[in-house]
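*Asks:* Take this structure first; my questions come after.
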Amino acid sequence: MSRITKLPVSTSKENRPGLSNTRSIGRNLVSTLSDVDKKNLILNHTKPLRNGVTSTAPAPRLKRAATAPAAPNPPKLNKVEKKPSVVAPKIPPYDYKARFNDLLQKHKVMKEEFTDLKEKHEEISDDYEKIKEKAQSSTSERDLLKEKLLNSLNDLRDQTAEYDKIKLDCDLKNHEIEDLHRKTKILQEVADNLKKKSAEFDKLQMEFDDLTRRHTGLKEEAEALRVLTEHLKRISIEHDKLKLDYKDAQELISKYKTDTESLQNILANMYKEQRELRNTVQDLKGNIRVYCRIRPPLESEATKNLFNLNVLDECSIEVEKIELNSASHSTRKGKAQQSFTFDGIFTRHSRQEDVFAEVSPMIQSALDGYNVCIFAYGQTGSGKTFTMEGGAGTEQYGIIPRAFNMIFTYIEDLKRMGWELTIKASFLEIYNEVIYDLLNSSKDQVSHDIKMVNSKGADVYVSNLKEEEVKNSHDFIRLMIFAQRNRQTAATLNNERSSRSHSVTQIKISAINEQRKEKFMSQLNLVDLAGSESGKTTQRMDETKHINRSLSELSKVILSLQTNQSHIPYRNSKLTHLLMPSLGGNSKTLMLVNINQFDECFNETLNSLRFATKVNSCRTVKAKKNITMVDSFN
Ligand SMILES: Nc1ncnc2c1ncn2[C@@H]1O[C@H](COP(=O)(O)OP(=O)(O)OP(=O)(O)O)[C@@H](O)[C@H]1O
């Protein structure tokens, strides 16, 4: 009864894919197997399948084996399972016929089920056989593999043994290598030590060599010392001898010294006397002295007509103009003969050194402490610049460079008498009443004025004027050339300016004698005056006016001095103002009047000679020396 009632439930379970069905089939199938078969089946399924690997899941294998053949049969099972899906009407207990029919029906179903199961059992048995066969082949394969494994294990064991051997060798080698490393390190240290020792050895060797050298040197020095000592001994003997000689010589020197001093005193006194004598002579000759120099015609001027010029004696000349009678072509005397007398005449044959021989006492006076002024007067081209500056070559040197040579020669004599001299030079030009510094080559010149040195008013100086100290005649020649170039540059810029300007070379001499406690300062002015031609003969009226004015002022100053006027008009022109210290009482003046002998220049020559005569007739008061005792300056 219970089975009948449970049937619909089990039927509903069979609707799921036939797993539970398969289990029940397996259970049924197992129940049909004999004990031996069961054992074999278990044994076979627990044996290793391949390569000795044992299956640990026999149950699923069994399930799969059991279910695998059942797969194609589901329709049959479904057919069986579908039948109970129709719920049978409950059969009353008393209806035995219905109950019998029902049982029959159930019997029929079970019978069909049994037939199906039988078929399945057969199928499974077949599968089982196949699997059994496979299991057997797997076992043999496993044995084969087992054998191979054993062989491999043996090989492995052999190789392991060999590996161990190699490893051992390797360890040994490593050990040896470490040992070698250690040894190498030790060797390296030894090598380093050796290197150090070698360096030390080299150093020691050098020291040794040095010591050897020094030793040799010392040996030589010792030898030299020995020689020297011997020499010294000899010298010492000589020294003792010389000492005695020296004592004698010293006595002699002190005697000479006394003699020298007395001689020097005599010399100084003689020098003083000579100076005074020179001065007296010059005073007698006059403080304003005038010389006339006649310029020879140049080669290019050989064809020019000359007027008559006779040199009467050393101091006088006579001039006379000759005129041609146009009708008879005979010569006839023109203007009356005129004679002029000066302190000296330099003919056309006089050389530069002849002129300087006469002039040098004036330079000497400057070195004796007097203010001196030497100027060259005359018309353009009469030879003023040639007389003052000269030409190229020492023979052609004029008064200025010769004066310097003389100053520097004489300085040496003065030095011997205890005098120290400082010479300063400046070069200037007066053009149209404006002063230009010839040592300043810049175009923009500052203005220069003539100023008083002190309130006494005797001395003057030019403001902003460059003054160069001159140590020797070369220095001076260099400066003179520089000044000449500057003057020429200005002349080029201002057509023939050099002829139309007064050029002044100023030399300042300061001397001190410490021994005699004396000092003096003097000034030497060397002037190359502008051409003196009259306004009628020149077209450059403006320049001429300035020149003539300054020359006439010069003549006025000289005349005022001559007539002992209380007022001397120095300040009326730049030239006279500048020359004030050299023209006034405390000075010596020398004028060189330069003349041409050309017919065409006759009138200008006459003018020049007359001007010079006027100057010559002027005698200043006795010149006073600027020398002072040093103490009174302090
Ligand atoms: N005594 C002389 N012996 C030879 N040549 C002379 C003599 N005097 C002047 N000369 C020459 O005559 C020329 C004119 O002379 P210099 O230039 O000295 O004249 P200057 O009066 O200075 O003229 P300027 O007023 O133009 O300067 C120059 O060539 C110069 O060398």
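Cβ atoms are placed via backbone N, Cα and C, with glycine included.
The shown structure was predicted, so the numbers you read here are calculated from the model rather than taken from an experiment.
According to TrEMBL:
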- Gly378, Gln379, Thr380, Gly381, Ser382, Gly383, Lys384, Thr385: ATP binding site (BINDING)
- 100-148: coiled coil (COILED)
- 177-287: coiled coil (COILED)
- 8-25: compositional bias 'Polar residues' (COMPBIAS)
- 56-70: compositional bias 'Low complexity' (COMPBIAS)
- 287-618: domain 'Kinesin motor' (DOMAIN)
- 1-25: region 'Disordered' (REGION)
- 47-83: region 'Disordered' (REGION)
*Asks:* Among Gln379, Thr380, Gly381, Ser382, Thr385, the binding-site residues in the record, which have a C-beta under 6 A from ligand 1?
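*Replies:* Only Thr380, Gly381, Ser382, Thr385 qualify.
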*Asks:* Determine the minimum-neighbour residue: among Thr380, Ser382, listed as binding-site residues, which Cβ has the fewest other Cβ atoms within 10 angstroms?
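*Replies:* Least crowded of the binding-site residues Thr380, Ser382, by Cβ count within 10 Å, is Thr380.
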*Asks:* Counting Cβ atoms within 10 Å of each candidate's own Cβ, which of the binding-site residues Gly378, Gly381, Gly383 comes out highest?
*Replies:* Gly378
*Asks:* Let me know how many other Cβ atoms fall within 10 Å of the Cβ of Lys384 (ATP binding site).
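*Replies:* If we count other Cβ atoms within 10 Å of Lys384 (ATP binding site), we arrive at 28.
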*Asks:* I'd like the Cβ neighbour count for Gln379 (ATP binding site), meaning other Cβ atoms within 10 Å of its Cβ, all protein chains included.
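*Replies:* Other Cβ atoms found within 10 Å: 23.
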